[in-house]
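Participant: Could you have a look at this structure, given as structure tokens, before my questions?
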Amino acid sequence: MYGAGGGRAKPERKGGVKEEAGPGGTGTGGNRVELLVFGYACKLFRDDERALAQEQGQHLIPWMGDPKILIDRYDGRGHLHDLSAYDAEYATWNRDYQLSEEEARVEALCDEERYLALHTDLLEEEARQEEEYKRLSEALAEDGNYSAVGFTYGSDYYDPSEPTEEEEPSKQREKNEAENLEENEEPFIAPLGLSVPSDVELPPTAKMHAIIERTANFVCKQGAQFEIMLKAKQARNSQFDFLRFDHYLNPYYKFIQKAMKEGRYTVLAESKNEEKKKSGPTSDNEEEDDEEDGSYLHPSLFASKKSSRLEELMKPLKVVDPDHPLAALVRKAQADSSAPAPPTADGTPAQPSQVEYTADSTVAAMYYSYYMLPDGTYCLAPPPPGIDVATYYSTLPAGVTVSSSPGVTTTVPPPPGTTPPPPPTTAEPSSGVTSTTTTTSALAPVAIIPPPPDIQPVIDKLAEYVARNGLKFETSVRAKNDQRFEFLQPWHQYNAYYEFKKQFFLQKEGGGSTQAASTAEEAPTETAVEESGEAGEDGAPEGMAETGGRGSGKKEAGSSKSTVDGKLVKASFAPISFAIKAKENDLLPLEKNRVKLDDDSEEDEESRECQESTSSVANPSPAAAPPSVAVEEKKPQLTQEELEAKQAKQKLEDRLAAAAREKLAQASKESKEKQLQAERKRKAALFLQTLKNPLPEAEVGKLEESTFGVEDTGVMPCPLLVGGRTLPILEGKPPERPSNRCRDPPREEEREKKKKKHKKRSRTRSRSPKYHSSSKPRSRSHSKAKHSLPSAYRTVRRSRSRSRSPRRRAHSPERRREERSVPTAYRMSGSPGVSRKRTRSRSPHEKKKKRRSRSRTKAKARSQSTSPSKQAAQRPSAHSAHSASISPVESRGSSQERSRGVSQEKDGQISSAIVSSVQSKITQDLMAKVRAMLAASKNLQTSAS
């Protein structure tokens, strides 16, 4: 739980800068404040449920039982139980001081400005103000002189086909400039209806009046906030100086603004423009006749003066409000006028006259309320904003809505420029009434309601993606429950439009319709499932190949057949079928989700292909049609040879991939085995080196390092066995101490040593009976442990007796340096006694020291008056050299240590002869094995190179 930084103090000063103490000071002055902070690391665990509860405010409780004020348990307001002392009506300054009406109004405005950000998005408001400001600028620029970008077709542009005569264009330009100057500098005369006070100055020119008038009109419509914005934006524009309070035209501006608010003033600029429009046609014709000799400009190239693009776009969509009081009367009159006429003798229903479209303004407006879809279908326009969709389409005029009564066809107006399609019952008079009845009754409940422009691109895009990726994509999107894709639900009002677009894109993705011209055309929506299911199952022949690409999406208009579909009219097109064989690449995307590797079952592959092809074709919605009837799916028909070829190709690719993976796995396995073999060889060589030469730990470490170099070159030093003794190996070993590795003394000397040891043992037993019981069992057990294993395997065994015998003086400071240099991993035994056991042979110099120490121990054993303190003083170097390996047992007494050391020496010399013979045999066997392994490794290296 606690991190590495736990408990770390961070001294800081209040001001953020730590003050350093002076050279003589202690740093704890009165002006210095320290903050001691202890930090501990902690883990944070993700708890989604707790986070969701916090976000929903489930941890909040009502304050004092008031559900309007919710606080958490750490809120300081929990300590307040009564706020009556702080209520505004009792304790505010306004209790004694009553504001006047003007002051209260100003205070209310100030409060509104203070708390504006609480209930208003300031960024959105600023963007709206910018937009309104742009509109004002455009309105100010539309005074007839110029637009945002004006047209100039004068002599400034060189035309090589025209003679270069500049006299007439220059005269015309001067004339136009004079007219503009006259218009702009025309003095302003107040109109008769405008009674301007005598103390208010009038603007000098008509242009200045127009600017003031438009600004006042704009501020009246948008609010006083825009006046402040205009004043700030146009601070450097001299034309808007009248907005300043100290300007002489500001009273006139305020007067015009007040008159507009009261409705006593109409904008003069608009009335002038209306007069110009009325008198425009006659005067324009005369001017055109006069100016034909000049530079003629076609009327379509003129800049539009007062026409708004937004109004043009919205004009065809104007519909009478169905909630209007007069709308009920209009609908009643239309229902009376468009009542079904008695059918004629041949059974065809009576057609409503063309007068119905123009007689009423509502029907005339609805004539244009549609838009055409890419496949020839046209839908009714979306309702105007603020009107419910269901009520709008249910309360449409009778001349436009669908009648479900038998014998009455729909009267949806056709697109402009085309005639209304003929009724479908003219061909067969006997069965016409029944067919029309079934169609209209089946299609009446569902109507394609076009979505508004902000939702329509989303629906179109999703329908296209579903047609391309299959129904699984639609299911996954629906499962997310996103608000933007609610139209995927069957109960949604735009679901019919979505299904229609999906079917349209499916036909487009499938390469177009492949039905014959003689079969009845299917309706594009799910509402005509009964007819389309029956006709589609029989109609499309199976041998028809899929048209390649998407080229057959182009259709030509047919002559007589069309399906009248409520608010959806489908123009009839005769499908053109090209028997072009589909390319291999066009069919490959159907096999995206292919089979697993090494799966050879053809049945599984075929079932997967069928499943993928069905997922890419949309099924009709179950809400609109009975589930037993299914629409025929248009999937591409592949021949048996193509399927077999593709399956064989896929199997071959799968097998190749599996073989490549197996090869890679085998290669990696072989490389790992080679690495393991090399590691084993290195360890075996190192182990044999330690068997042949039981070196001290430092030399073992050096030897291990040198074996890496030996392995790389492939050369292994092979020790020679001469007379059962191992000759020294010179490679990789320091040449300083050769006497430690050779067995120079012959067998006779060893026998003499054994005899001397027996004599010493008898003396120690007789002279020191006190320590007999403690030294004897230890020495015996130790000798047993020694003889139970060869000396080669006793590299890590520690001696129990820690006696400091004089023989340890042979370990010089050089040995200590080697022990320090070797890493701890190689220092398996830290006691010098263990290393002494490994090196059984000693140099003649060491033997002399040994004999002297023996004579000293004999003398000390005879005279027991020697104190331990003197012994410690006599051997300071040995004690200091091996202080790391001395245990607390040594404090028992120097005599006990002496007896243990002597017994250990005797045991070591007795076992030396036996150990040497056993070791030589083991070494011979192991060296034979090593030579065989080295020969094999050399062969491997040569073959690998």
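Even glycines carry a Cβ here, placed using N, Cα and C.
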Participant: Write down the residue from Ser774, Ser865, Ser894, Ser903 that Swiss-Prot flags as phosphoserine.
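Facilitator: Looking at Swiss-Prot, the phosphoserine feature maps to Ser903.
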Participant: In Swiss-Prot, which of these is labelled phosphoserine: Ser170, Ser283, Ser779, Ser803?
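Facilitator: Looking at Swiss-Prot, the phosphoserine feature maps to Ser283.
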Participant: Labelled phosphothreonine in Swiss-Prot - which residue from Thr28, Thr425, Thr639, Thr866 would that be?
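Facilitator: Among Thr28, Thr425, Thr639, Thr866, the one Swiss-Prot marks as phosphothreonine is Thr639.
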Participant: So how many other Cβ atoms are close to Thr639 (phosphothreonine), meaning within 10 Å of its Cβ?
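Facilitator: By my count, 10.
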Participant: Could you check what DSSP calls Thr639 (phosphothreonine) once collapsed to helix, strand or coil?
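Facilitator: The residue in question, Thr639 (phosphothreonine), is coil (DSSP, three-state).
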